[in-house]
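Undergrad: Pasting the relevant annotations from TrEMBL:
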type     : residues : note
DOMAIN   : 72-148   : domain 'Ig-like'
DOMAIN   : 172-252  : domain 'Ig-like'
DOMAIN   : 264-388  : domain 'Caspase family p20'
REGION   : 638-760  : region 'Disordered'
COMPBIAS : 720-733  : compositional bias 'Low complexity'
COMPBIAS : 734-743  : compositional bias 'Acidic residues'
């Protein structure tokens, strides 16, 4: 039998000459032509089925007549699928012809194409093992032949537990989300996602809610980026069963310098509880919160610092804090005061908590961290300067979901399990052992966990607490993120946190002509000093003296008197010059103020002519809404969904530790506060160590917020975003190139991620 030679086919369409072998797959790498098999024709027996493939660059075909004909019409093409390994499915091909038809399936893996032995039926059952391409040849008894479309069976080797769902009908399921990126102008940008689906999903990318016409693949590629390419990106995967959206990610182009890591914002909430209603008072939290605020502001953090909060106020502050977190933010929560631990779960004690300790009267730290993580932050840091004595071991634990394995969480405990935290007293100054060394290292430009290790080592060398207090660090931080990383804002959600709290100064003029400037200085977000200073010239008066006082015996005045903190003016003097502080008036517990505050300013002076002492008075009103503005803010949460603070942090919502769980901190331990180095711990107990060390918060200390108090405000949870609609009807059955090798490095993370979840 004679033969002729034909070149390899380069069209995806069936050839006009005899289609002896499958056409080149449209999924093939265009840089190399796959080697195709040769299938000889038999003159009297039609197309031979099942013989071994012969590889070569050219193929021999018989000279016997054979042609492509409209006599065979494929009525049902096979469709591409994207499935997990081990998934069972069937490829289908249906055709019509004038005679009986024969079918033969072919597959291609990498560059090798061969027939599938025994695959001579219309249906091809497959158990997914590896990504391959398939086509089906249909021929009749007159030697007419036609090939189906090439289809891709994409097999995902690593998917999260529980995927696909048990009753999966083939709708798109996201298995890989894009990641946040920072790219210099002119450099390439690549975002990648992946979804399972039957049929295989098609993809459509969006930027800032706008459809990107040319970006219809799993990989978004921009060869030369411009600043205008910055924005929020997400992708819609759709097929005939529906659509599913990836997580939205922020892309920053050319605005963040050359550093590897950056934050979209830096936000911190600092809480220090000193004056307890039912437990020993502490001294160090005031100064510790003050000094940490100044250091964090130096690092670019927007800080809210609060003193002496009850349970409802702590929950409201945490709610505000959580609502302002978002993707890429560095978030710090710091607490100094009484506390305890139970089975690895930590509880903070509000100032109004009754004795004994109980989770329903305390605030759960793990619950706060869980909500922080739900906001897609890049770095979550919890710093606890409190005792961790075990308490109420018989209490049951409440339900708390485990943290997602996103590698962005750092715990810094001032002391170890079942131990106390100490504070030092030096005259009118007090400081926690933990803060003494934290402020020494916190400005270092190094990974945050390395910085905390330096703090741990210094505490370990301090002879005052040797054998009594040792710091503990726990973390899942997989990237070398530091507190010194630059900030590249992606939105204005946190623009008001820690800012806009200063009231503008105002000037008042007395009848005698003397002018006095009133300044409003906030040392903490809920503690303010009103300072009065005479303005030159004072030609008509001599020996002037100013006195500021609050008018009327209201509930607010009583609260102010009870909340006034000793030694705070020392902190004020460390920030402002003494001459600016001629006359000061302290306004504390601003969150409790319910009415406008009326201050009376008395000017006592001597008249130059008569030498008589005279007093003139003026009144000024401070609006309640400005004084307690932090607790009055009603910002739209960055993420939809909410949880009642009582649910989030009270009994039954207490993270790792159910209501009634007894915190670490044996009863009787004395809170932060005695002379020397008293551990922050339970009342009455004297920590192991030198006289005067009193532990921060012990059992019996009353947490802020009496039992049953339900704070106003809710904790923001979840994430919500208005998304553009996308029609699932225009889906393609042919996904793009195989991305299995690039997905491999993400397997470990995906194994523990949930549906549609992936984090940097």
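Note that Cβ sites are derived from N, Cα and C of the backbone, with glycine treated the same way.
For the listed features, I'd like the structural context: burial, neighbours, distances.
TA: Across the domain 'Ig-like' (72-148), DSSP classifies residues as 0 helix, 46 strand, 31 coil.
Helix, strand and coil counts under DSSP for the domain 'Caspase family p20' (264-388) come to 41 helix, 39 strand, 45 coil.
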Undergrad: Quick one: mean pLDDT on the domain 'Ig-like' (172-252)?
TA: 93
Undergrad: Within the domain 'Ig-like' (172-252), how many residues are helix, strand or coil going by DSSP?
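TA: Counting residues by DSSP class gives 3 helix, 44 strand, 34 coil.
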